[in-house]
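Since the structure comes first, as structure tokens, the remarks are kept for the end.
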Amino acid sequence: MLSIIVFGASGDLATKMTFPALFALYVRKIIPEDFQIIGYARSKLSQEAANKIVTAHIPIDDTVGASQKALNTFVEHYKYVPGTYDKPESFEMLNSIIAEKETAPASECTRIFYLVLPPHLFAPVSELIKSKAHPNGMVTRLIVEKPIGFDYKSADAILSDLSKHWSAKDTFKVDHFLGEDMIDGFTAIRFANSMFEPIWNREHIESVRVDFREDFGCEGRGGYFEGAGILRDVVQNHLLQLLTLLCIEEPKSQDAEDIIKCKVDFLKSLHPVSKEDIVYGQYTKSANGKVPGYRELDGVADDSEVSTFCALQLRSEAPRWKGIPIIISAGKGLDRDYFEARITFKRREGGMFPTVDSSNVLVLRVYPKEFIALKGHIKQPGFSRQIVPVTLDVKYPEAFPDTWIHKAYEVVIADAINGKHTHFISDDEVRTSWKIFDDVLDTTGDLSPLPYAFGSHHGPDATLEFFKKRNLEWD
């Protein structure tokens, strides 16, 4: 018997991500037939109202088995329970409700508690779960969502509190980007292809980049973003995780423990980011005045110095990467919308084609459409001896038309069900990643964000100078 208990079940993330992922896993029969899902939150909702929250963002698609009939059956397994996050009696009640359908012996039951909650609630809720809803002899797992902390100090406190009651084996810390199929495949691209590994180093690579650009702003999220900013929102977690998979040494195996060890080793090779290696920006209203600036949004202070853009350089002491520019850029309110990693190889000096003036580039696009592209050169057909640039690419949907490419949350929840940590982050990764950015989290004074108009190509003008100083180009 599998019981999945979703805390924060009336919230936006649970509605848009958690429940659709659970339904997809149900349709694909990854969730066993004998299961129940319990939603828990402070909101006092009827079961009918709670069911509407569950189904609000689940699309019906008969071609993949996600029929209305399947959804109706799925909802029959769902029960909503209102309660507090700080009273033992609420958790005793929850435990009784879970147990009503657990007719098998404890050794044959699994409970997964998924905390889709603000981080300040992780410790008290996890402690009450352990003391009031954790039967002896039963497999019980805890999933916690990002963000884990606001800086190194707060993250360390949260992790320490969690570890008092839950073992690392039973705790699953989500960075859902690790469930993205393209990101999950980075290690295969690197280590399963013999042509890449020999040249994946400072002798042959000019730069490593991760670019995250959004053509929309913070509408509807102003209050959240005021407490986060772009670095906390996506850089310290999602983008750094992607970058780490590009730069690690080869793990001994595909086991989570071996991969995590190599990730931590690389993260520890990185210097803390200095003020000289980062540019912050904040978007103002669009040039035509139709889109409001960040400071004009609900929940945002009139004099806010929260960043909606940043470009930064990481510096590694790892022999493979020492001296190579490692760049992360992320921004909202730009003129394009995509997320990709880019490896630029050094130009070949001399040779029989000295006029070739552009580098080979490997592009790994995560969205909007997953693809792998290698930019190179060939001779133009015909009598000409001219060398022209070409792009060789693999588009995932076209290359795998009959394959269900799972969404990120489906992957991470499936891992938790199976007790695998492959697509989760470790305590060491969380602590080390915060240390890298702690010195540049305060976006006031010298690090005050520079203005750029909504719809800008490159964020603040200082970005262009930032790239020029590093012999790179913004594109």
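Placement of Cβ uses the backbone N, Cα and C atoms for every residue, glycine included.
These numbers come from a predicted model, not from an experiment.
According to Swiss-Prot, the features are:
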BINDING   R42, K146  NADP(+) 1 binding site
BINDING   K146, E214, D233, K332  D-glucose 6-phosphate binding site
ACT_SITE  H238  active site, proton acceptor
BINDING   R342, R365  NADP(+) 2 binding site
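Counting every protein chain shown, the Cβ of K332 (D-glucose 6-phosphate binding site) has 27 other Cβ atoms within 10 Å. Of all Cβ atoms in the protein chains displayed, 19 besides its own lie within 10 Å of the Cβ of E214 (D-glucose 6-phosphate binding site). Checked against R42 (NADP(+) 1 binding site) by C-alpha proximity, the binding-site residues E214, D233, K332, R342, R365 yield D233 as the nearest. K146 (NADP(+) 1 binding site) is 20 Å away from K332 (D-glucose 6-phosphate binding site) when you measure Cα to Cα.
Among the residues K146, E214, D233, K332 said to bind D-glucose 6-phosphate, no two Cα atoms are farther apart than 20 Å. Using CA atoms as reference points, the binding-site residues K146, E214, R342, R365 were checked against the residue listed as 'active site, proton acceptor', and the closest is K146. With the fewest other Cβ atoms inside 10 Å of its Cβ, the least crowded of the binding-site residues R42, R342, R365 in this structure is R42.
The Cβ of K146 (NADP(+) 1 binding site) has 19 neighbouring Cβ atoms from other residues within 10 Å, across all protein chains displayed. Less than 8 angstroms from the CB of D233 (D-glucose 6-phosphate binding site) sit F225, each of them six or more residues away in the same chain. Between the CA atoms of R342 (NADP(+) 2 binding site) and E214 (D-glucose 6-phosphate binding site) there is a gap of 17 Å, rounded to the nearest whole number.
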